[in-house]
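Note sheet for the following structure.
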Amino acid sequence: MASVYVLGSLKLFILILSLLELGDCINQRPLRQKNSSPKLRTYSDHRPNVKFLRNAVIKNLVDNGDKKTNNESSDSMVDIRHVDREASVSQDMVVNASYNTVYTANVSKETSWTFKYPSVKNVSLAVRVWMFSANATRNYPLLFVVEEPRGIVSWQVPLAIQDEFTTFYYNNVSRTLCPYGQLSDEEYNIVVSTFSPQLVDFTILAQSQPLDVKLSTPQNTSLGPSEPRYFRFVIPDDIDSVIVKAESKDDICMILSVQKIMCPVFDLLTNVQLRGRHQTVTRKGAITLQRSASNTNGTFFVVLVATPSDFDCRTLETVIPAANFSFDRLKNVTLIIEPSISKSEFLVAVLAVSLWFLGFYIMTFVIISIYNCMFKQGNIYYSLRRKAHTRGTPTPPPELSEQSALTSPLPAENVSSQTHGATYGTILPDLVHRVQVTGSGRAVHQRSRSQPEMLSTYSLEQAQVQGHNETEQQEESSSSTSFSSLDEDDIDMLPDADREKDVFRAKTFLYLSDLSRKSTRKLSKKINLYPWNLITLAVFYALPVIQVVLTYQKVLNRTGDEDTCYYNFDCAHPLVIPYPEFRLATFNNVFSNLGYISLGFLFLLIVYRRDHLHRIQVKQSPHLIKHYGIPQHYGLFYSMGIALTMMGVLSACYHICPSYNNFQFDTSFMYVLAWILMLRIYQTRHPDINPHAHTAFFVLALAIFFVVVGVVYGTVYFWIVFVIVYCTFYLLVSVHVYYMGRYKLNFGLFRRVYNMWRNDGICCIKPMYVDRLILLLIGNGVNWFLAIFGCVIEPPDFASYMLSIFIINLMMYFAFYIVMKIRSGERLLLIPVIFTLISVILWGFSFFFFMKHVASWQLTPALSREHNAPCMLLNFYDSHDIWHFLSSMSMFFSFNMLLTLDDDLTEIPRDTIRVF
């Protein structure tokens, strides 16, 4: 019994001691909180040292751990924590906090802390809160709830931020509280809680900081993925628009956003893209705002949010790896808001360019008027008639047949120089066909041989007599016997039609009369199909293009995502229209294409005038026009003007929203224009063998198809296929050009080669057409090199690579044409020389500005903005706009040079004009 009594007494004694200890613990808990109460620290800087906050928390944890180790046993700690939890179930710690003071405390699921901060009376200030916790976990994070006068904002520590692939956690968070409601007497309450059963330490600091940004005053700040920043700006009353610029020297990715004044502010990575206008930024970013179109009443927030990785700006994580703490990934940014262009400057820039291109119309009208006044009788066909009259040679009457003209196209005195046996362009007697008319009216060609004297020695007077005799025969037989009156289909129906073409087109020395034998009427119909086909193509192509780009612009205006389009944001001047959804973000880039449209239409007017005069002259002197000068077919010239106009239209459409998805809009008609120019140069000396319109556009369609495939699927296999197809195609075209279309590619090719080698031996290797062979060898060498070079290098921009191939071939062929024209003894008149010099100068300046890339859809939107540059002309147009102006004028003068290049041949008979 005694032992039981002693044991009971001992238990009672221990129980009393435990109760006493429990009371001491309960009484000492506030003291313990007091010992760990926040220490006052005031900072002169607006942003505290986050490393200091973290170190203070860690030091506090170490101190508390040492006290627990020295003063408490392990059993008592468990009991005390349990008792503490029980005792503090309904207990909330409330602190009347002060700004610029660091508070360090701990919290568990049984307790919570409420920090009451007074309202800020100054409307230019905002409250910014920093939180840090070293031992908060992902399973039991700290919850921070800010009770503002007009709403509630909450976040957690560690803060989870997710990019495309990874979730990043940050133990320090800083936020700026919404400044509205500052004039009221209500307080900011920050409640800290957690569901963790263990004590979680935290540090909190609140400061009042300047919120407003001044005009043209740089604002330096730093931010991290968990530390977004935003500022407020009020547009002055005397300013129409401003441009918000963000510049940085590091490559950390961030998001620049402009939002209207509204609480809460969307300043987290999860919601910053849900309001206002925003764009990704590495080193440079800019957003232009207009007072009338900003929907902010002239006041807005500028929000800066750093991303945890660089995937949004670079697609691949290649720069700075994300870290657990934001101070390891801090981005220093300089924010500056400057006034943009005013309404008056906007209007002056638009009117100046409009008047400049209107001046081309005025100058053209003045030059044509002066020319008409000075040379009323100065047209070339009047001079031909006058020369014929002064030489005593009568002008061929309308009854002059094509046969007589072919046998004697020259006056007697002009033929004496061609009486040599091997003179270029003459028609040997054994190749002349005399036309007889059968009773059925069908023309039959019979080959006759005569003495080797030149039929071209006949005079126009003899040709006139022969023409009258043939006219009488035509009346008796009621059928035509002249080549000019024969239908082309009728000629091709003859059994030896192909053999005749082989004779005329396979001559060693070709002249224009050999390749202009077809009916002028049929050739005109054939060539006139080019502009009509091009108009049809342009309409069907342009309508969906306009619909697509306007949809892009509408999406951009609705979502505010400025990564959709690749603009030069440093020089972007929007056009405000009554429909905000279709507001043009960069009107200057769109309007600068006015030169292509206006000068293209002006060139059409010039071609129409020249065509109209030609039709009048055809009625006055039909036979002179048939046998002198270059055959005038204006269908390709009309096509050049239409292509230039459409290039401006589609370029304007592309610049409404330039991007990877619609790059083809800007370049499609550049291919068309380059192709038509090559065809036009070729048609000048080869009018009878120019390709049909549908064939030409089909080849062009195949080229554009390869461009699209090359841009989208530019793999090694594509490059191999492209090199094989392109080299084969160029070789076949070369063979066609070399043999003037008379080479048949069929299964009999090898047999013909064998027979030629057996009959001629090694002599068959000697080329018949040296000039053509040199051109084609150079062309094949250059093009094969370009194809193989592209396969090896694999340029990232296949569209520009393909366009460069077109341009290089055009330049080679044009240079060959000029060289051969001079080599053939032909003259270059003053007008085309002037046009050429102006074109070369303008092209030089054009390419200089073209190489100043201000944006590139080959890069990400953020990297493209690093190339953005300020305006260069009238504070409205950038370097790419200047490229538009200069290149449009260059093309206009180049077109006029081609239009007048062969005017020196208008008085030259066609059988003396060389073909090359």
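Any Cβ shown, glycine's included, is placed from N, Cα and C.
TrEMBL annotations: computationally assigned, not manually curated.
The signal peptide annotation in TrEMBL covers 1-25.
Residues annotated as transmembrane segment in TrEMBL: 346-371 (among others).
Residues annotated as region 'Disordered' in TrEMBL: 388-416 (among others).
What TrEMBL records for 462-492 (among others) is region 'Disordered'.
Annotation source TrEMBL lists compositional bias 'Low complexity' at 476-485.
If you look up TrEMBL, you'll see 527-550 (among others) marked as transmembrane segment. Among residues of the same chain six or more beyond the transmembrane segment (527-550), those with a C-beta under 8 A of the stretch's C-beta atoms are 582, 633-636, 638-639, 642-643, 646, 649-650, 653-654, 656-657, 662, 665, 668-669, 672, 676, 683, 690, 692-694, 696-697.
For 590-608 (among others), the entry in TrEMBL reads transmembrane segment.
Taken from TrEMBL, the feature transmembrane segment applies to 636-657 (among others). Panel annotation: around the transmembrane segment (636-657), residues 527-528, 530-531, 534-535, 538, 541-542, 545-546, 549-550, 552-553, 556, 564-565, 584-586, 589-591, 593-597, 599-601, 603-604, 607, 611, 663, 665-666, 668-670, 672-673, 676-677, 679-680, 683, 884, 888, 891-892, 895, 898-899 of the same chain, lying at least six beyond its termini, place a Cβ under 8 Å from a Cβ of the stretch.
Cβ atoms under 8 Å from those of the transmembrane segment (663-682) belong to residues 530, 534, 538, 541, 545, 549, 636-637, 639-640, 643-644, 646-647, 650-651, 653-655, 690-691, 696, 699-700, 703-704, 707-708, 711, 799-800, 802-803, 806-807, 809-810, 813-814, 817, 857, 891, 898 of the same chain, restricted to positions at least 6 beyond its ends. Taken from TrEMBL, the feature transmembrane segment covers 663-682 (among others).
Per TrEMBL, transmembrane segment is recorded for 694-713 (among others). Using a Cβ-Cβ cut-off under 8 Å and counting only residues 6 or more beyond its ends in the same chain, the transmembrane segment (694-713) has close neighbours at 529-530, 533-534, 537, 663-664, 667-668, 671-672, 675, 679, 722, 725-726, 797-799, 801-802, 806.
Positions annotated as transmembrane segment by TrEMBL: 719-741 (among others).
If you look up TrEMBL, you'll see 773-793 (among others) marked as transmembrane segment. Residues of the same chain lying 6 or more positions beyond the ends of the transmembrane segment (773-793) and with a Cβ under 8 Å from any Cβ of it are 719-720, 722-723, 726-727, 730-731, 734, 737-738, 767, 801, 804-805, 808-809, 812-813, 816.
Summarising the annotation, TrEMBL assigns transmembrane segment to 799-819 (among others). Tertiary proximity for the transmembrane segment (799-819) is limited to same-chain residues at least six positions away from its ends with a CB under 8 Å from its CB atoms, namely 663-664, 667, 670-671, 674-675, 677-678, 681-682, 684, 703, 706-707, 710-711, 775, 778-779, 782-783, 786, 790, 916.
The annotation transmembrane segment is assigned in TrEMBL to 828-851 (among others).
What TrEMBL lists as transmembrane segment is 882-901 (among others). Outside the transmembrane segment (882-901), and at least 6 residues removed from its termini, the chain residues within Cβ reach (under 8 Å) are 353, 360, 592-593, 595-596, 599-600, 602-603, 606-607, 610, 637, 640-641, 644, 648, 651, 673, 677, 680-681, 821, 828-829, 831-832, 835-836, 838-839, 842-843, 845-846, 849-850, 872-873.
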>> At a C-beta cut-off of under 8 Å, are there same-chain residues at least 6 beyond the transmembrane segment (346-371) that contact it? List them, or none.
In response: 573, 588, 591-592, 594-595, 598-599, 602, 605-606, 609, 873-877, 885, 892
